[in-house]
């Protein structure tokens, strides 16, 4: 295409400034185009996106909004499945259809306008009916990396969810013996919208994330200093240092030193009471040679690190006991081999996770800081080597048992670096009708508004399933039927309508304790609002709702495909009348 | 509050509210034909609300970038038909990963113009009027013509300017002068949208202290004790560039300028054994690049337009007044009312009490004003009543008031004295009441 040639020729720019420096040259055209996103998920995330093929069931306004947000960052390929024909109402709400599209196949028209957003993305239309594919060619769905279903009738949706869930054997099923025939069906995202309301959930068996981009930092091991750090802290003679050097001792070194000295005076124990902690901080303050030594101020501010125990976090401990780690086989996902290796690693002294090589910036001079950074890097490399040895041992054992491969080094690097922030999500089958009583009981207590939105959308689907038609907009009888459906679901969880407030404030002046609080909206009021909103415009694909869901679902797709950041665990319910969202595990 | 809707009925015929083809507004009409459970009583279902939205409502979009492209498309589909858009930028290749109204052939063209043309081509019946230039080029009369203003900006300064302008526009005698301002912003997987009713609810200036402090490295770290690659890059751009290039201005959009900084920073990093200087990091630091993706822009723009639609139609209650979203760990969002500040320099009207050290000079007071998170005035000018204390401009006045900089505050201003602070870049006035401690 001409356009892409233009970018290519525009980008093969040499940089005279860099020519003789031996430095790598300017970023290429792709790096420049994707610069703002590569800063979020790096080349590894980008290459995962470029290998993905997404299937979207239905060319609705929400579907094309989702795809727009995936085509732009450069997903590999997408397919829209739709056997319908473009009508005026589709056109009016869908930015990716044109007046010319009227009367033509929806999928074919939509891919035309989505494809032009990015030449490097392959766009396909599938014009067969979904039901005929489910009847005649069910393995078709397994070709894709991820499938999105928006506003698919319950009857057909149930066939899709069953096909993808039941054919997928997650390692967590405990059927480890069957792993020769193990298939992993693509994750399915189910999206439902109705006027101002919407929800979505991801059906996937399990999803392990190494690069979570967690905000929590790895331990600096001040309480359990590695030998070279401890030796370094005691090799410095604080008293004899000149004022400049003294004012540049990194706070890590100060804390390691003060803590060790403290422990020597306190039978090996770190400060634990408030008084002790204050005394500990005073020790640091007293070490100052000048009032304005910021490194000592930093040490005081970070002193809590001295009495924070570096242990294996409980969430990571939980991974050790996960069935997939327990029932490890040669064909298990590499993640579980890594977790198992980590379990063995942490069972050995000093019973910590491998050290992170990342040292935050701190008040110091170049020499002291770079030296400290080198100590961390060297120890981290040593820890990683010990970890890798354990891992290779496990792999060798597995190979002896007739399988196994070797986890790529890059993945080992990432795993060790993020060992404190690993995440595992186990999903459940999407039922959409919220029949898990136990989960619903918990959710209605935790997030009543989100539950009301979710249930009212479920009621809409149930209505359509039962009556073979959508409720009539604003129709009282249809609304009552949906309300009754929601009430039955809630009643099954032991819920009873809140008694009407008996105007106690008016009659009884003696109830002083609870009254002054602003009145909270009850679950039932949320339900009345949500069902009322659904009844107002049951099938309305409001462009702003479609656009918002397009963004939210695309974020989730990106997180699932790149295996970076953390996708939702449950159902996210969106109410654009009240401008709120909530996530519930139902 | 239904300020925007209290407009006179259609003056001439109803032709432009009719769709361009059957069912164009099929879905939106379902919402407008009847109220929902939370709809305000002022809602006039059916033709009245449709005719206001499609024939009378005039909306201004500031910014035609990542958020702006999305906002324009949403507004057009929701049935806003008289849309204006301002943007001073031209299209860059790095915009194409999210600004979906632009194609490679458009690189170098003004964003506002290209975006307006695209929308009008794709959505029949919508008029989009572009302006390629700065928001500061336009006067009060220009802003007075709109019912609603939506901002999709990446600049704090531009937001402060439009916020202060719209607050100043409010005339208590004229309800039409109250222009709801909807503001969106994103960073990576995170973002926020908010609704501001100037002088009535918390304004942009009221929440200045919620902004993250920009990362500024102390000059002594840059000059003497670099530890991070960023320190080496700052050294190249802040200290070396002016030294080597004298008065030649650095253009952060010129790849060769970035390459030069990259080369110089790399050399320094090598000297100090610091790892991690790359071309991209160099560009990121000197341009203060914020990661941006289409999906987050889509969420925030949709939220802004949803609020604009609710304000214009009263079809449902609008956001009161702040919605923030974090998409890095699941989907977390928080809706809350940000409180109006009675001593806000823009909309508060109240005097701000300030404690001033006895030894403070006027210069120190000015420094405090520029650094304070709540105020953040770039170049403040001070006066006591009509008497100038220090003025940044014009040059003659600056020169005549300059000697005051070194004087002690209490020599010029009495205890409890009220100092008027103005800024050349922002249309607002702040009054400080000084107490000496």
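Think of each number as a place in line: the chain as shown, counted from 1.
Cβ coordinates come from backbone N, Cα and C, glycine included.
DSSP classifies residue B:220 (active site, glycyl thioester intermediate) as helix under the three-state reduction. Sequence-distant neighbours of residue B:220 (active site, glycyl thioester intermediate): no residue of the same chain at least 6 apart has a C-beta under 8 Å from its C-beta. Positions annotated as active site, glycyl thioester intermediate by TrEMBL: B:220.
Among the features that TrEMBL reports, compositional bias 'Low complexity' is placed at B:7-22.
Sequence annotations record features per position, and here TrEMBL assigns domain 'E2 binding' to B:354-437.
Among the features that TrEMBL reports, region 'Disordered' is placed at B:1-22.
Using DSSP to sort the residues of the domain 'E2 binding' (B:354-437) gives these counts of helix, strand and coil: 26 helix, 28 strand, 30 coil. As a whole-number mean, the pLDDT of the domain 'E2 binding' (B:354-437) in this prediction is 88.
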